Every structure is written in C-alpha cells, then in structure tokens.
Amino acid sequence: MKMKFTKMHGCGNDYVYVDCMDRMLPNPGKISEFVSRRRFGIGSDGLICICPSDKADFRMRMFNADASEGKMCGNGSRCIAKYVYDKGLTRKDTITLETLGGIKTIHMTVEQGKVVLAEVDMGQAVVRTADVPMDWPEETCVDQPVVFAGPDGKGFTVRGTAVSMGNPHFVTFVEDVETAPVEAVGRIIETSPVFPERTNVEFVQIVDENHVKFRVWERGSGETWACGTGACAVGYTCVTLGKAGKRGEFLKVEAKGGMLQVRTGEGDAMTLKGPATTVYEGEIELPEELLEESLK
Ligand SMILES: N[C@H](CCC[C@H](N)C(=O)O)C(=O)O
C-alpha cells in the first residue's frame, strides 16, 4: 500500500501527518514505528492521523515512535491546524480538535493564505498524582524528592513536579540544559514503576524571569527537540513555584528546536503558542507485513 504523507514540525518536534478523513490507517502504531526510524524510515518523532470527529471539527490520533498511542500532543495540534487550513479542509481560523486528552481549541494566525502561528487552549494542568498517574503517597508531588532505581540497582533522588497535561510529565530543574543527563536519567524516570503509564520528563534551566530553556525526554520517542504539552508542564511549574513567569502572561519556554510561549491562566488553564511548519509532502510504500499484522 502506498501512503501519502506530509512531514511537518513544531520547533523541531517532527511528525508524519496523514489525512485519514476518509479511512483510518490499518495498524497505525506499527506504521508509526516504521516511518519514524531516522535512518531506515522517513525519520520522525511519530505519526499523526487527521481524522473526522462527531464531537469537534477534527480528531487527532498520535502515535509515538515506539508504536504507543499518545493522549495529547501540543505541537501536533498546532501542525494539524496548519494542515487543515492550508489544504482547505476548513476555512475557519479557529477549530476544535478531539484528542484522547479532551477537546482542544486552536486559534491560527494566517499570513498570505497560510498558517504561520497557532495558539492552543491546552486545558488545565493537573497535579493530583492519581490523575497523572503517579504511584505516590501524597495527593500531589510538587517539587518533591523522588527516589528512582539506577542501573546498578542503587537508588538516586531527583527533585521534581508531576503534572498531567492530558499526558504525564515530570519536571525537574537543572543548572544547565546542555549538560543535563537527558537520556540516561530521562529513560530511567520514563520507565520507572513510580509512573505506571510511563512519563515524559522535562529538564529545565531558568534563563531569567521571563525566559526558561528545557530539554525533553518523551515517553515512547526519546529525546525530541520540543514538546508542547511538556512546555505547558514546564510553564505551569515555573509559575507555581515562583521560579519564572507571571500568572496570566506568556512565558518564553525555549526548546532545543525553537521558542514556544506558554501562559498559565485562571484555574491553571494553559495556553500554548508557537510556529507550525510544513517541510515536504511525499508518498511511501508500506510493506505488506505491516498491514497484514493488523488482520491478526
Ligand atoms: N510531542 C508532544 C507530546 C507527545 C506525547 C507523547 N510522547 C506521550 O505522552 O506519550 C507534544 O508536543 O505535546
């Protein structure tokens, strides 16, 4: 089967986008794993399917590079807005998007007929550990020392905050993101039994009161160059702990691949703003085995 796709990214968080308005892909998780391979595939952080919805204008299904399905994707939502507007699937410059993490509203900035910037109402940041989910004795884990098991079996402590943005995040502060042990520590935290559904992990450096930098280890995809839900978890944590930013104002949250802006509003309602970029369109032949597996 040949699959048409569009390669898009938000601050370097790149996905393969497929129009599934008429028909959902068979075995999308496996296709995500296949196309995501950096050297043997198209190369991406995962696969995003644009589907019809009976609750919103469109529906997003997003798959990580390891085939697992994600509940919400901030950068993906912005790119979907660009996709549907630029391709004429909608004429509205504000759309609603159904995700496994709830219905999100996206406002677009259009220049010369194309979307250049999109702002997403990301919903509420939630710190109840039962909702993250996190296996933790307290109702919340805000700036708490958490013990994880190292590869040698010995425990080590990371101070952090567990936040759900529809998907789980663990936010920790570091002196310098360049030298932060993103892969070594990120992988351990991602797969620790402390997070029964695994977690995304953000390493944050304060630059000044209006600007922070972060690197992210994503559940199911490894280190990515940006993460929209992660940026919101970072923005929320910075404002709540008084480390940077002000409630009701945008904070610059800089990812490895570019600048995102995050606002923590009334009732912890989060807003994410940033660019969305189309790289190229293509067509790929999918091996029959991939598709056959879906019939089992
Ligand atoms: N990159 C995405 C999040 C992917 C989430 C995924 N890694 C998971 O929670 O399983 C974002 O922009 O929000």
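A Cβ is built for glycine as well, from the same backbone N, Cα and C atoms used for every other residue.
Automatic prediction, not curation, is the source of TrEMBL annotations.
Among the features that TrEMBL reports, active site, proton donor is placed at C73. A coil conformation is recorded for C73 (active site, proton donor) in the three-state DSSP classification, outside any helix or strand.
Per TrEMBL, the feature active site, proton acceptor maps to C227. C227 (active site, proton acceptor) counts 35 other C-beta atoms within 10 Å of its own C-beta, drawing on all protein chains shown.
Taking Cβ-Cβ distances under 8 Å and a sequence separation of 6 or more, the neighbours of G228 (substrate binding site) in its chain are G10, N13, C73, G74, N75, G76, S77, R78, V120, M122, L260, L272, G274. The annotation substrate binding site is assigned in TrEMBL to N13, N64, G74, N75, N167, N200, E218, R219, G228, T229.
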For E218 (substrate binding site), which DSSP three-state class applies? strand
What other residues of the same chain, not counting N13, N64, G74, N75, N167, N200, E218, R219, G228, T229, have a CB atom within 8 A of the CB centroid of the substrate site? G70, M72, C73, G76, V216, S221, T224, C227, G230
Provide the three-state secondary structure of N167 (substrate binding site) computed with DSSP. coil
Please give the substrate site's span as the largest CA-CA distance among N13, N64, G74, N75, N167, N200, E218, R219, G228, T229, to the nearest whole angstrom. 16
C227 (active site, proton acceptor) to N167 (substrate binding site), Cα to Cα, whole Å, comes out at 11
By the DSSP assignment reduced to helix, strand and coil, which category contains N13 (substrate binding site)? strand
